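I'd like to ask you about the structure that follows.
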Amino acid sequence: MVRHFLDIHRLDAADLRAILDDAHARKRARKGWPQGRADADAPGKDRVLAMIFEKNSTRTRFSFDAAIRQLGGDSIIATAADMQLGRGEPVEDTARVLSRMVDAVMIRANDHEDVERFARVSTVPVVNGLTDRSHPCQILADLMTIEEHRGPIEGKTIAWIGDGNNVCHSFMHAAPKFGFHLHVACPAEYHPDLRDLEKGGAHVHLTSDPREAVKGADVVVTDTWVSMGDQDYEARLAAFEPYGVDEALMAEAADDAVFLHCLPAHRGEEVTDAVIDGPQSLIWDEAENRLHAQKAVLAWCFGAF
Ligand code: CP
Ligand code: NVA
């Protein structure tokens, strides 16, 4: 069976835990090394990762490129617009061709279904690098960051404040797999997709009250109010106005609560400068951990553990 990494709810809890453990171990093992040196075990040696981007990216693009190099492999990057995909070549035909040329494919797509279609015919592992529906790689980096600073994720409470978007969906998928509690505070008109909410089961509590969500939480997370592809900018800004994360809201969380944001951030909208640049914020470790977590994802896809 080809090991795709499409969504957190599709993987076994044991595999997910192994991926997170591998990410921690890889980060520790190369502390102080130059970024271009390969890990000692080089599980991506002789492997090529293709990356296809239909949307903009800084972190995902650079972290996957650095990741495959540190695993001992190489990369090919293209935007969908530069490919025949952008002129209407079917996703399935693209998948069949790339399967003959590379060892894994990471895709950032507008439509989640396109990644599913690609994976259905791909004979090499496919990794979801964000879709309109989910962003599973981001959540692994976030959980890794929490564990680095606050210990095991199991039993912790995470408060998601703002849009019930792709990143929120992946947090909901992860909650039962890793055994944490997730409090989601969204305006009613921008709640998460109910199919994704269902996957979180009893681990997820949905409310429209940000104060209720952060009460006693170990982690407070937010994201942009206007994701790539969203059109209704003005309506969103109005609806999300009570959902900004500021110092007053952080004060309702646990005393040692940490703040996360996948970035890019819109300071003054979903979060104030004082919080995102303040002592509780772990955003730079979180961004770095995209690299370590994705190395573990790729190593798992290649069957290294
Ligand atoms: N967090 C994240 O995925 O960032 P990019 O859009 O820059 O890849
Ligand atoms: N929710 C955001 C995440 C960006 C990394 C978006 O989809 O634009």
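Backbone N, Cα and C define each Cβ position, glycine as well.
Unlike curated entries, TrEMBL annotations are predicted automatically.
Here TrEMBL flags SER57, THR58, ARG59, THR60, GLN84, ARG108, HIS135, PRO136, CYS137, GLN138, CYS262, LEU263, ARG290 as carbamoyl phosphate binding site. If you look up TrEMBL, you'll see ASN166, ASP223, SER227, MET228 marked as L-ornithine binding site. Annotated domain 'Aspartate/ornithine carbamoyltransferase carbamoyl-P binding' per TrEMBL: 3-148, in sequence order. The domain 'Aspartate/ornithine carbamoyltransferase Asp/Orn-binding' annotation in TrEMBL covers 154-301.
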Would you find the one among the binding-site residues SER57, GLN84, ASN166, SER227 whose Cβ has the most company, meaning other Cβ atoms within 10 Å?
ASN166
If one looks at the chain holding ARG59 (carbamoyl phosphate binding site), which residues at least 6 apart in sequence have a CB under 8 angstroms from its CB?
CYS262, LEU263, ALA287, ARG290
How does the domain 'Aspartate/ornithine carbamoyltransferase carbamoyl-P binding' (3-148) divide up by DSSP, counting helix, then strand, then coil residues?
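Helix (H, G, I), strand (E, B), coil: 71 helix, 21 strand, 54 coil.
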Rounding to the nearest whole angstrom, report the longest C-alpha distance spanning ASN166, ASP223, SER227, MET228, listed for L-ornithine.
12
Among GLN84, ASN166, ASP223, SER227, ARG290, which binding-site residues lie by ligand 1, judged by Cβ under 6 Å to any atom?
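Not one meets the Cβ criterion.
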Which of CYS137, MET228, CYS262 has the fewest nearby Cβ atoms, counting only those within 10 Å, among these binding-site residues?
MET228
Spatially speaking, which of the binding-site residues ASP223, SER227, MET228 is closest to SER57 (carbamoyl phosphate binding site)? Use C-alpha to C-alpha, please.
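Closest recorded candidate to SER57 (carbamoyl phosphate binding site) by Cα: MET228.
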Suppose the L-ornithine site is ASN166, ASP223, SER227, MET228. Which further residues of the same chain have a Cβ inside 8 angstroms of that site's Cβ centroid?
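Along the chain, the qualifying residues are LEU130, ASP132, HIS135, ASP163, ASN165, VAL167, THR224, GLY229, ASP230.
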